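Annotated features, as they stand in TrEMBL:
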type	residues	note
ACT_SITE	57	active site, acyl-ester intermediate
ACT_SITE	60	active site, proton acceptor
ACT_SITE	117	active site
BINDING	219	substrate binding site
DOMAIN	274-365	domain 'Peptidase S11 D-Ala-D-Ala carboxypeptidase A C-terminal'
């Protein structure tokens, strides 16, 4: 993903006429909002995206990330038991209904945090993984800063009110992106619609999971200071071709209904107004490059990563691309070696986008007899 950058002004989108740009305008009643294209990193819409805000239970996206990371590093195991402290048991707000001095596994607590939004589960997990909630929150802040979320400070694992516990819509979008990108093996938890623990079934409160618009998570939040908010991931299309994915955030709304309406409005707008074009897939050969002084005359090249752009749907036919090699390609060549670029020019991109093209196989340097034979056939107009 490119570094996340602010969207261009609505009436000055590179390569898009003012009339078309004006047709893409959207607004929201949310105090803070952002629409991020997952694949390109482009911000398609923003409102007060760098204004400090209270993330409320949307904090738990980072809480989950830290747990996923500790699982990956072997610091914890999904079945590791954690004892529920008095502090965790007494934590108010939305709860998993843990009992004091009982044990719950890391996996159970993650379900309680992500699906049930349990504040008690958040505290218990933080204490179990880092020794204390304060240490865990400091680790959350440090990790956020590593992501480039320099306007984010976490003071707890739950999102309960604290005057210093703040983030921004832009930072929260980066955090949501990293959860999806870094831990796909755990991400499906965010799409679960309910969870039962200790005989108590609670629904996932995410307002878009049942709206049939391709929502697969992430998290709601609500406090008196922060208002009603939600982070949503929306998908559409074939994951292998022209697949769309957007991260939608709204916050600061006055009611649960308003949160649902505004999140749905921005989601439908993004799905309709923008198209993601898959131009080439990682590892799939798109052209043969000529090779000089090699045991073979050509080498297949393919993108080092998926090549795609997201553009306004009404101008998707204006996307153009060309292949440029880095001068003469001379053997020996190693598989994976960068040999050129796929250069894409597209509306909404001020500068062409370049994707590396790499060799898909080794090509050894030609032996002396091969060179002699080529010289002979060249003289007589043949090929070798």
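Using the three backbone atoms N, Cα and C, a Cβ is placed for every residue, glycine included.
Heads up, TrEMBL stuff is auto-annotated, nobody curated it.
Residues near residue 117 (active site) in space but far in sequence (CB under 8 A, at least 6 apart, same chain), listed by position: 57, 60, 94, 205, 219, 220.
In this structure, the recorded positions under consideration are 57, 60, 219, and the one with the smallest number of other Cβ atoms within 10 Å of its Cβ is 57. Mean pLDDT of the predicted structure over the domain 'Peptidase S11 D-Ala-D-Ala carboxypeptidase A C-terminal' (274-365): 91. DSSP places the residues of the domain 'Peptidase S11 D-Ala-D-Ala carboxypeptidase A C-terminal' (274-365) in helix, strand and coil in these numbers: 6 helix, 50 strand, 36 coil. DSSP assigns residue 117 (active site) to coil in the three-state reduction, outside any helix or strand.
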